[in-house]
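Here's what TrEMBL has on this protein:
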type: BINDING; residues: B:LEU20, B:ASN27, B:LYS156; note: xanthine binding site
type: DOMAIN; residues: B:34-157; note: domain 'Phosphoribosyltransferase'
type: BINDING; residues: B:ALA128, B:ASN129, B:GLY130, B:GLU131, B:ALA132; note: 5-phospho-alpha-D-ribose 1-diphosphate binding site
Number of protein chains: 2
Amino acid sequence: MKLLKDRIINDGNALSENVLKVDSFLNHQIDPVLMKAVGEAFIERFKDTEITKVLTLESSGIAPSVMVGLKLDIPVVFGRKRQSLTLNDDLYTSQVFSYTKQETNTIAVARQFLSPEDKVLIIDDFLANGEAANALMDVVNQSGAEIVGFGIVIEKAFQSGGKILRDKGYRVESLAKIESMYEGNIKFVGDTE
Amino acid sequence: MKLLKDRIINDGNALSENVLKVDSFLNHQIDPVLMKAVGEAFIERFKDTEITKVLTLESSGIAPSVMVGLKLDIPVVFGRKRQSLTLNDDLYTSQVFSYTKQETNTIAVARQFLSPEDKVLIIDDFLANGEAANALMDVVNQSGAEIVGFGIVIEKAFQSGGKILRDKGYRVESLAKIESMYEGNIKFVGDTE
């Protein structure tokens, strides 16, 4: 998605070979017009499949997800991230380890919002090692709903998350796939020299 | 806003005289079409004022805020909630005590995303005791930006937050103002018997 890649080049900040900061349009400040375009790009990529629900994780996944939900007129559910959680039969839960924050969180989704009839598009802002995506996958699998695929805004293709999901047979559509971030130069998969 | 009040009556759950659960369309599962209508209602209420930025708090404030930002083509900033925070000169911070969770959180907004030239509409899902709204106000005041007003999806008018903000001279526009929730019956301000 050219608009998104251009924005990453212009306003993203590769802090190291692994860490990309996109706080000015996705993770802290949000550009709603870009998010609408991101949502439309996801819909275009998955136009051949039926989707009944979008599942994402708070907080940065919410804006692109809501744009998909608005256009398709379907609900969006966001998994809640908690450091500790009182056990509760009404919730599906799974564990997420954050490499950035070096901490384990529990994600929780209320059972009432995922049913075996649902066809779920999982959306997230980043796909790196796949920890968050795996936890969302786990939650959907517990519910018996079908995973239509993963819609990822930015995939760090040099980390293993995307490969793991694709090897499991899931469809993963990433709007910007980063091949490397050497010395602050962001290179996308498929870029020519 | 009739659409919102009807939805609260139909799908909200008054768990006690103080606690309203709206998890099925606002706080956990989101109805994006309703959020768009909520965003448009805020824009209508503030149509006589210039707004350059929307400020909200993660996570439930993001969906309505993004709808306002999309229509006005302005950025949305969401304050981050953290239980602990390493001091950082790049951030404006303020404290929020949550009565629901009985814990104090720090909210943080990067300085680069609020400037003295900004005219900020603060949006949040709930206004009860005003803890979150006060922290957002504090953050904007630290930045030197102007607060245009507060756009609240659901105000619990029987709690003090709205009165405190209005007494300070702020404009507070709440789309659903709840007068009482006695024995599960939700009554809005202005309802006739």
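Quick reminder: no glycine exception, Cβ is built from N, Cα and C everywhere.
Those same-chain residues not listed among B:LEU20, B:ASN27, B:LYS156 yet with C-beta within 8 angstroms of the centroid of the xanthine site C-beta atoms are B:GLY12, B:VAL19, B:LYS21, B:VAL22, B:ASP125, B:PHE126, B:ALA128, B:ILE154, B:ILE178. Excluding B:ALA128, B:ASN129, B:GLY130, B:GLU131, B:ALA132 themselves, the residues of that chain whose CB lies within 8 A of the CB mean position for the 5-phospho-alpha-D-ribose 1-diphosphate site are, in sequence, B:VAL96, B:TYR99, B:PHE126, B:LEU127, B:ALA133, B:ASN134, B:GLN159, B:GLY161. When the domain 'Phosphoribosyltransferase' (B:34-157) is classified with DSSP, helix, strand and coil residues number 39 helix, 48 strand, 37 coil. The average pLDDT computed for the domain 'Phosphoribosyltransferase' (B:34-157) is 95. Long-range Cβ proximity for B:LEU20 (xanthine binding site), meaning a same-chain Cβ under 8 A and a gap of 6 or more residues, is found for B:ILE8, B:GLY12, B:ASN13, B:ALA14, B:ILE154, B:LYS156, B:ILE178, B:MET181, B:ILE186. Listed binding-site residues: B:GLU131, B:LYS156. The one with the lowest count of other Cβ atoms within 10 Å of its Cβ is B:GLU131. Local packing around the Cβ, expressed as the count of other Cβ atoms within 10 angstroms, is greatest for B:ALA132 among the binding-site residues B:ALA128, B:ALA132.
A distance of 18 Å separates the Cα atom of B:GLU131 (5-phospho-alpha-D-ribose 1-diphosphate binding site) from that of B:ASN27 (xanthine binding site).
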